[in-house]
Amino acid sequence: MKYLVVLESPNKISKVKSYLEKVFPQHSFLVKASMGHITELVIKNEKYPLGIELDTMTPIFNVVENKKDTIKQLISFANEVDKVILATDPDREGEAIAWHLQEQLKCQNKTIRLTFNEITEKAIENAFNNPGQLDYQLVNAQQSRQMIDRIMGFKLSNLLQKAENLKSAGRVQSVALKLIVDTELERKEHNKLEYWTIKQEYKDKNEIELYLDQDGKEIVKDKVLNSQEKAEEVLSKITNNLVVKEIIETEFSKNIYDAYTTSSILQDANIDLNYSSEKTTNLLQHLFENGYITYPRTDSTRLNDDFVRAVHKFIATNYGQEYVGQYKSGKTKENVQDAHEAIRPTNINLTLDKAKKEIANYDEYKLYELIYINTLYALMANETGVKYKVLFSNNGYTFKLNFKKYHFTSYYDLQEIVLDNFDYHFKVGEMITLESEWIAEQHFTKPSPRYTEHSLIKKLEIAGVGRPSTYATIMRTLINREYIKFDNKSIYPTEDGIKAHNLLQKYFSNIINEKYTADMEKVLDRIADGEINHIEFLKLFYNNFILDFNNATSIIFKNSVKCSKCDVGYIIQRKSYKGNYFKACSNFPACKNIVS
């Protein structure tokens, strides 16, 4: 049988074709690529200015100009084969691309949908032996997101351009901007408070610190010592003779590593390798296309059973059975689709020494190294031990000493990290005499730190804003719109960013916020699951949004002067590329009227 296999990326063609021909030599395979999306919502269409038929909430698509030749070629190939395999990426975007391909190629009667999470011989064979059909609910969810983003993006961007000469707004990017500006405002309004701590060095450079005052108030949490005078008063009352008051023992057994999601690998690559989210996203895609890692757009930490068994065998062989962990897939968090397993190496036996010889690009190798080590540690045995909190008393004050005793240090052994493993022995009621001096130290409360790229992505994930495929796009858009800038990794809002935020929050705070955006993601998930009728939801969304939009427009331009030249725009203050201000039509570039 003769097959046409359509992938998204041409970089996958060679590997996928070789695996198919090796495993299924009785068939003939023609493997081609769509090079991503082949269609787009129409732009500047008089009948459908938003690219949407609003009465029926039907998206109006046309073929992307530079994909017309690709479509012609694929149509020709499709006519020559028995079956057309749509093997686009295994997510909503990939499902939508597959649907558009089916529509354009007019091959509904001979279409097969294949998905695979990794480009390996086993995964390709399994996908071919278990074909599926297009999931129209996923397509509905993707197109719903696309239409909502188009409506909000076009309308709000147009309003910002007319009202403030700003560049754009977006459903998700504007929420990310809100987080950044809110933090900046919080920092400016922060009221710095003074407080003092009292400590004394103990053995092994550990410290015993004043914990509770004579009334049982926490010294640090309650800012009890808020002046030097109060600190000195306490110093005059305490001595070096402490009585052991209580010993609190807590056993621990934990693994601080978890298999990578898109969010967590973007964060770690930013921290450890200084890669931007955009750079990491591109490198992940290359590693996936070359068969080194699994699909890189995921919100799950789940790993498949075969891979877990292979890694456990690898750990036992190379490090010893005692280092093998007991894998549990973990509870799925809220807002997690769990459609794909975590980001991991496709082959644990491609060790770092071997990978260094195979992966020519240094940056790609360093990212593979990060993924490989993280995955290995995530499947190792837990670190175990006991945490101790010892409370002492002196003259009515309570002091504390925290330390750990490890039983098993697991992955730390591989990292050659020497942990503080204290071996103190205390008995309740005994007195110890310290040999150093109590030191009082002044502190001041600090405002919330500015976001870095990795901490903003973490916040967006926790808030349920955005999806694995959108984090890098959010950052890139805010940078390109000149709404944010970086200084030593810290993110600052620009003047334009603050202006955009202020206008959006003044008139659209009910939809430009974390909760609304997270709730929208949940609705899209329910559309994908077939629980919500997407047409009804889109109509409800649009009717509510357009009421808010029209109300905001009437208020903003209430006292504005209509442009006498085009009768569409308003005369607003604009800023030239040289930084000079002038009055001109908000309908630029369609209208170039300048008022002297």
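Every residue, even glycine, has its Cβ placed from backbone N, Cα and C.
Annotation note: TYR295 (active site, O-(5'-phospho-DNA)-tyrosine intermediate) sits in a coil segment as assigned by DSSP. The active site, O-(5'-phospho-DNA)-tyrosine intermediate annotation in TrEMBL covers TYR295.
Assigned with DSSP, the residues of the domain 'Toprim' (2-120) fall into helix, strand and coil as follows: 45 helix, 29 strand, 45 coil. Positions annotated as domain 'Toprim' by TrEMBL: 2-120.
The domain 'Topo IA-type catalytic' annotation in TrEMBL covers 135-549.
According to TrEMBL, the feature region 'Interaction with DNA' maps to 168-173. Within the same chain, residues 148-149, 152-153, 156-157, 159-161, 465-466, 470, 474, 477-478, 481, 500, 504, 512, 517, 520 sit at least 6 positions outside the region 'Interaction with DNA' (168-173) and bring their C-beta atoms closer than 8 Å to a C-beta of that stretch.
Taken from TrEMBL, the feature site 'Interaction with DNA' applies to HIS37 (among others). Cβ environment of HIS37 (site 'Interaction with DNA'): VAL64, LYS67, GLU93, ALA96, ILE97, HIS100 lie under 8 Å away, each six or more residues apart in the same chain.
For ARG145 (site 'Interaction with DNA'), other Cβ atoms within 10 Å of its Cβ number 24. The site 'Interaction with DNA' annotation in TrEMBL covers ARG145 (among others).
The site 'Interaction with DNA' annotation in TrEMBL covers ASP149 (among others). All protein chains included, ASP149 (site 'Interaction with DNA') registers 16 other Cβ atoms within 10 Å of its own Cβ. Under the DSSP three-state reduction, ASP149 (site 'Interaction with DNA') is assigned to helix.
Residues annotated as site 'Interaction with DNA' in TrEMBL: ARG297 (among others). Around ARG297 (site 'Interaction with DNA'), the same-chain residues at least 6 positions away in sequence with a Cβ under 8 Å from its Cβ are ASP89, ASP91, THR262, HIS340, ARG467, PRO468, SER469.
Other C-beta atoms found within 10 angstroms of the C-beta of ARG481 (site 'Interaction with DNA') number 21, with every protein chain shown included. Summarising the annotation, TrEMBL assigns site 'Interaction with DNA' to ARG481 (among others).
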Nearest of the recorded positions (ARG145, ASP149, TYR295) to ARG481 (site 'Interaction with DNA') - Cα to Cα: ASP149
Distance from ASP149 (site 'Interaction with DNA') back to TYR295 (active site, O-(5'-phospho-DNA)-tyrosine intermediate), taken between C-alpha atoms, in Å: 25
Secondary structure content, the region 'Interaction with DNA' (168-173) (per DSSP, counts of residues): 1 helix, 0 strand, 5 coil
